[in-house]
Amino acid sequence: MKRPDYRTLQALDAVIRERGFERAAQKLCITQSAVSQRIKQLENMFGQPLLVRTVPPRPTEQGQKLLALLRQVELLEEEWLGDEQTGSTPLLLSLAVNADSLATWLLPALAPVLADSPIRLNLQVEDETRTQERLRRGEVVGAVSIQHQALPSCLVDKLGALDYLFVSSKPFAEKYFPNGVTRSALLKAPVVAFDHLDDMHQAFLQQNFDLPPGSVPCHIVNSSEAFVQLARQGTTCCMIPHLQIEKELTSGELIDLTPGLFQRRMLYWHRFAPESRMMRKVTDALLDYGHKVLRQD
């Protein structure tokens, strides 16, 4: 059985995290040549490349598996060392989360853990359709995803759903939808997407108004909070989680353009198995809070 030296795994991890050999060497306080030698040693052990030497470097499929192994070992070390780590560097927890969860329920859910435990969060924001891939690649130890099926050697639990409403300001609705939200009116009304892969509004408009993808003008803005601001200032109509705009809907600052029509995204919490004590705390906090504020039906 091949048993890698974890110093070599840490070198591989550093090259990926620091996006290059030079910064990885600085992070590890060794020479760049030593980093290269450690990775070469690891590649010789497994008889295949573990890095695609692009800019920035990225792991091969086998490299991803080894990084996932390293994440698990780091968490299990925390489990075994327990109180002996008191006063040492806080444990780094890298989690992949979607922007809308981060803007609504995730931080309040994690607040008790952050208050009571010596951890450093590294929250990597990704679309909920792609967060699980970061777990697969070993970049994170947990992920909030819409995928319901667990990866090999991982656990999954249902968190609950975010319901997305198609909203705008009242002046925007009066300008673009004087006769109601119709297919022809939507062709002229600007919407907003998080990035070029964000297809939520396209799916909603296609399903309910038979509008093909790309048929409406669309801004690209990488911020959930900015969606709310754009809608409030009358710039766009957009899909926003109901949980994020309860006050604006109650006050009338924003209006639901299509009452009874919405997009539901069920969210799941994925993480490596077995769970360390710290990850169990994170899991309990996310599930407890998620079950309170997210839709469970």
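Cβ atoms here come from the backbone N, Cα and C positions, even for glycine.
Marked as domain 'HTH lysR-type' by Swiss-Prot on the basis of sequence analysis: 4-60.
Residues 5, 7-8, 10-12, 14-15, 50-51, 57 of the same chain, all 6+ positions outside the DNA-binding region (21-40), place their C-beta atoms under 8 angstroms from a C-beta of that stretch. Per Swiss-Prot, the feature DNA-binding region maps to 21-40.
Look at the domain 'HTH lysR-type' (4-60): DSSP puts its residues at 35 helix, 4 strand, 18 coil.
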